[in-house]
Amino acid sequence: MAAVVEGLEPRAAAAAAEDAARDAVEAVDAGPGAPPLPVRGNRLSFDLYPGGCHRLLHLCAQQLPQLLQVEFLRLSTHEDPQLLEATLTRVPWCLPHLRSLVLKGGQCRDTLGACLQGTLTTLPAGLSGLAHLAHLDLSFNSLETLPGCVLQMRGLDALLLSHNHLSELPEALGALPSLTFLTVTHNCLQTLPTALGALSTLQRLDLSKNLLDTLPPEIGGLSSLSELNLASNRLQSLPASLAGLRSLRLLVLHSNLLASVPTGLARLPLLSRLDLRDNQLRDVPPELLDAPFVRLQGNPLGEALSDPLSPPGIPPVLEMPRLFLTSDLDSFPVTPQGCSVTLACGARLQFPSGATTTPITIRYRLLLPEPGLVPLGPHDALLSGVLELQPHGVAFQQDVGLWLLFVPPRARRCREVVVRTRTDNSWGDLETHLEEEAPTRLWAHCQVPHFSWFLVVSRPVSNACVVTPEGTLLCSSGHPGVKVTFPPGATEEPRRVSMQVVHMASRELRALLGEPEAAVSPLLCLSQSGPPSFLRPVTVQLPLPSGVTGLSLDRSCLHLLYWAPPVATWDDITAQVVLELTHLYARFQVTHFSWYWLWYTTKTCVGGLARKAWERLRLHRVNLIALQRRRDPEQVLLQCLPRNKVDATLQRLLERYRGPEPSDTVEMFEGEKFFAAFERGINVDADRPDCVEGRICFVFYSHLKNVKEVYVTTTLDREAQAVRGQVSFYRGTVPMQVPEEAEAARRRKVSDALWMATLPIKLPRLRGSEGQGRGPSLSLAPLNLGDAETGFLTQSNLLSVAGRLGPDWPAVALHLGMPYRELQRIRHEFRDDLDGQIRHMLFSWAERQAGQPGAVGLLVQALEQSDRQDVAEEVRAVLEIGRRKYQDGIRRIGLAPEDPALPGPSTPQSPEPGQA
């Protein structure tokens, strides 16, 4: 297989071809008189076994109609050259609809295990007749020149030429109008054609591991290029035209002979990674020197910077200190030298040299998202917890790099991910770049001038501009038909305006209204800074509802709706404006901004229908689950899941948990509060920060886990019989007066609007010694682990932890640092008493740790390493309660000032999209 060079990913077409190889039919030997070979689907693979050319020729001789459906073909080039040429000559006639053709060597290896290159040295001219071919892979072959037929494949999207013997590329390569991906790694290229710059659609170019010593200036014409890999060449300089690659995000130049780089690289707007390692750099623009996305190790510049005799004006150290914080640390020092910090919660910070002029201590904490703290617009989705960095408001001399980890949302069409922060009592969105760590994990990267609260949000794509007295035009990047025209004189002072566009599927609307012809335009939100109205009318253009044209519509069915928060109603303003209709668009004029929506329906009272449709846009269909741990039924997992994630989550959990089927589907808004109440003799067995009157509080966020594990207990006699209880889920916050169970059941029978679901919980009957208390008969010395300021565990807390460990206690003991010989001794002394083994292990360790700093953190870490995250979370909850009580106590007697207030109810709860 072709090597994947660092920093570049194969295109989707290449991935499709790889999948084709796995799924293609395994052809049987096709000698004379053999039965017809089967063709399954649209894929054929003949590269896994010898004799692939014979098999393909046999298929072509059969003239099977299924061959007309084949779009993917893989063929090994470890064949006789003449047979290979004869087979490829037949391909355009047998497989005329081919979209992906993979002709690779590399399947065979020499005595040392290295991949052998195939025998392919050219291609038949007839292959240019493959009119549908979009993906061509010729890697691991013996090509010395590019076959002429390739230059005639006008529809080619991806071309892979790695591991050949190419010494040059033809000028005609620049005539491929659709090429977006080109890789020519591990060849012998010494120069590049000037026509390469004519590939205006090229997005990824990999020329690593060649013999290039210069680049043509025309390379700056690759206007769509986002990734360029030139690693491991002989480049001594770079053309200044590289600074014109405005779409470039990744530039890999390591292992060359570069002595300098163009200054303009520092001004590329989208560049998120620049790899300059292992060159001869002695002169780097200052903007690149401190940029967190630039890698400069292995350059003479680094040696000069660490030299005490280096010239004045150059920072003294290039390699900044790196800190990795564990879960028991919530602060770290930063000096003028700068540093790179990875927090225990996964976030990363990069303080460039000179960001602060004096040493400063940075504190952080990860807060659970709450509606009063998290500001979301009506169509926003939260993707992370809330990271608070202190001290607030301290301005840095240079922006600090911040990376927040999040799980990418499934739906990305017309949406974008931003980091949201609080500045001067208002929330705003920072310019954010995304960096992929894995397909399911992304970094949101931004530069911050000071510290506050930070979170990652998915929102509809926002387009903004500054309106000057001369006027301007604002267009939507996600919906090109949406435009706003500002005439000259619309404003006296420049003001910033923004727009967001939200799409609603026609099928959802028709299902809601029960009207097959009903349709709506995209929903448009306009917002601005400055005075509420414009001096002259502004023209808004919206596409007509789907399926409706200006030539055929009934104007009496067309309605322009308007919504101005915080009012809850949509108003029909069709009679108040002049609607100018074209074949595809409607235009109207306004003097102030808000939300606008075009409807086409025969219904009346359209405003009320619009409100229901708008709510449907924001609702998520979810299911509620309640599972009990198989080896500890008192441990209950509660979770609220989007409907599309239920099956995968249950499949993962049912090895360790069991329980009833998920609840029926219910609908919830992003950020909606709800709570779980245990009923019929079952109660929560812990004092938790999220527990109010025995109810567990939740806030639903569609892209977060919404999961909590709790321990339950009962006052009923479990020795006589099992306890059959239940857990019910209700909307809203826990009421001041919690109803009795009988009253709650009666309310559900009359369809209580707050009730969502009820699931059974069963605590099995206790047998034998299981019914004995966990520790009342034990004589243990009073013991507190930790301290009051950072939180401590009492003897009762440790007994509770001991009761949860079960058979996992040896793993916890080893992670606590106890020798294996001591574990054997404990097993022998308490060989018939599992609870005694656990308690003796835990308390003997705790007694040795008494008065030692960091003991509680060590216990939490050992629990996590033993895959007992549930117990670790319970310990953290106990510590948090202890810290809060301690801080409240010292405040009451005046020994400590008040903490900085969190953003309170005065914070806008739902900023209008575009203003966030």
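Including glycine, each Cβ sits where the backbone N, Cα and C put it.
Under the heading domain 'ZU5', TrEMBL lists 328-460 (among others).
Cβ contacts within 10 Å of His450 (active site), excluding its own Cβ and spanning all protein chains shown: 15. Annotation source TrEMBL lists active site at His450 (among others).
Here Ser452 (active site) comes close to Glu388, Leu389, His392, Gly393, Thr421, Arg422, Thr423: these same-chain residues lie at least six apart in sequence, with C-beta atoms under 8 angstroms from its C-beta. For Ser452 (among others), the entry in TrEMBL reads active site.
Summarising the annotation, TrEMBL assigns domain 'ZU5' to 461-602 (among others).
The active site annotation in TrEMBL covers His592 (among others). Sequence-distant neighbours of His592 (active site) (same chain, 6+ residues apart, CB-CB distance under 8 A): Pro532, Ser533, Phe534.
There are 16 other Cβ atoms within 10 Å of the Cβ belonging to Ser594 (active site). What TrEMBL records for Ser594 (among others) is active site.
As annotated by TrEMBL, domain 'Death' applies to 794-879. Residue counts for the domain 'Death' (794-879) under DSSP, split into helix (H, G, I), strand (E, B) and coil, are 69 helix, 0 strand, 17 coil.
Sequence annotations record features per position, and here TrEMBL assigns region 'Disordered' to 892-916.
What TrEMBL records for 900-916 is compositional bias 'Pro residues'.
Distance noted between the C-alpha atoms of His450 (active site) and Ser594 (active site) is 32 Å.
Computed over the domain 'ZU5' (328-460), the whole-number mean pLDDT of the model equals 86. Note: the domain 'ZU5' (328-460) comprises 0 helix, 70 strand, 63 coil (DSSP; helix = H, G, I, strand = E, B). For the domain 'ZU5' (461-602), the DSSP-based tally of helix, strand and coil residues reads 14 helix, 65 strand, 63 coil.
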